[in-house]
Amino acid sequence: MTISVRPVEHRPDYDGESPFPEAGEHTPVGGSQAGLTAAIVVLPFVALGAAIFLAWGRGITLTDLIIAAVLYIVTGLGVTVGFHRLLTHGSFTTRPWVRVALGVAGSMSFQGNLIDWVAVHRRHHAFTDRPGDPHSPYRYGTSLRGQLQGLAHSHLGWLFINDQTPAERYAPDLLADPAMVRVGRAFPLLCALSLALPFGLGWAISGTLYGGLTAFLWAGLIRIALLQHVTWSVNSLCHVVGSRPYRTRRHDRSTNVWPLALLSFGESWHNGHHSEPTCARHGVERGQIDPSAGLIRLLERLGWAADVRWPDQARLRHRRVDVPPRAGD
Ligand SMILES: [Zn+2]
Ligand SMILES: [Zn+2]
């Protein structure tokens with residue numbers, strides 16, 4: 001399956017350095033949506049303060065940390081393997097129940113319903129670091145001030161700007177899939193489950209309400225905040241700092257940022273990804289840790305994943321900036 005989104009808003013006049021034409025357009029989102037977004041962003045940090053206060057002198061329990069780690073891994077891989085590599089880029093095909101399971105796991109990360117997530121991300125690839133990109137750090141130009149403003153915008157600020165990405169245009173395949181539409185509709189319920197689960201587990205394992213509350217804070221809110229910032233860092237840092245060993249399209253400044261590789265499950269090999277977006281492995285070189293590719297390999301071995309687009313080494317070699325391109329590349 002090949003999914004490609006053809007940019008229709010050509011901006012041949014963009015020089016790669018100026019602020020985007022829409023940089024001055026700040027149509028704010030509606031009051032209730034802004035409140036909800038602010039709450040989702042701010043509350044986990046309020047919770048972090050509360051959690052440290054609660055933990056002071058008593059510590060947090062091993063149970064809290066184990067539940068947090070398990071949920072971080074499950075929801076994180078739901079985003080990277082499910083939302084991103086499977087549903088956005090079609091890097092492999094899988095059984096319907098695996099699609100649903102990955103969609104459910106990703107939805108529990110509080111990153112929006114899966115259809116909107118996919119639509120925004122396909123638009124990011126269609127207009128990478130050019131006018132039309134929903135979260136480019138180059139939106140405000142390449143001056144120091146513009147770059148700092150752009151980093152804030154690409155990390156978080158873009159969530160507060162009313163800039164709708166129509167799913168009808170960017171994710172018609174998912175809108176035509178009843179199972180995916182159902183998972184998308186269940187998003188609020190899955191968010192509730194993502195918080196109720198650690199609370200219930202913490203309560204059941206410790207046998208005390210206090211144990212439920214500490215698990216809710218560490219394995220619920222703080223775990224969500226950590227994954228959100230790691231994902232947002234791929235949008236912000238992984239287009240600004242790091243290495244660019246592979247050729248990408250004009251203006252695309254995606255980078256590889258190795259320190260984030262493990263926490264982002266391999267997604268911070270972002271230059272490799274932008275160079276070959278449909279490839280199932282983003283960390284394409286020896287030593288580049290990519291746990292998401294590891295899960296796809298496991299699914300393939302179990303017979304649950306097929307048509308996996310593994311890296312083509314000959315093709316990759318010619319995508320390197322230090323190797324001359326082949327004719328036709
Ligand atoms: Zn990117
Ligand atoms: Zn992508």
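Cβ coordinates are placed from backbone N, Cα and C, and glycine is handled just like the others.
Keep in mind that TrEMBL annotations are predicted by a computer and have not been checked by a curator.
Taken from TrEMBL, the feature region 'Disordered' applies to 1-28.
TrEMBL lists 34-56 (among others) with the feature transmembrane segment.
Under the heading transmembrane segment, TrEMBL lists 65-84 (among others). Proximity of distant same-chain residues to the transmembrane segment (65-84), defined by a Cβ-Cβ separation under 8 Å and at least 6 residues beyond the stretch ends, is recorded for 99, 101-109, 111, 114, 117-118, 121, 194, 197-198, 201-202, 215, 218-219, 222-224, 226-227, 230-231, 264-267, 291-292, 295-296.
TrEMBL lists 69-282 with the feature domain 'Fatty acid desaturase'.
Look at TrEMBL and you will find 96-120 (among others) tagged as transmembrane segment.
Through the fold, the transmembrane segment (186-205) approaches residues 63-64, 67-68, 71, 75, 104, 107-110, 112-114, 211-216, 218-221, 223-224 of its own chain, all at least 6 residues removed from its boundaries and within a Cβ separation under 8 Å. Marked as transmembrane segment by TrEMBL: 186-205 (among others).
Positions annotated as transmembrane segment by TrEMBL: 217-241 (among others).
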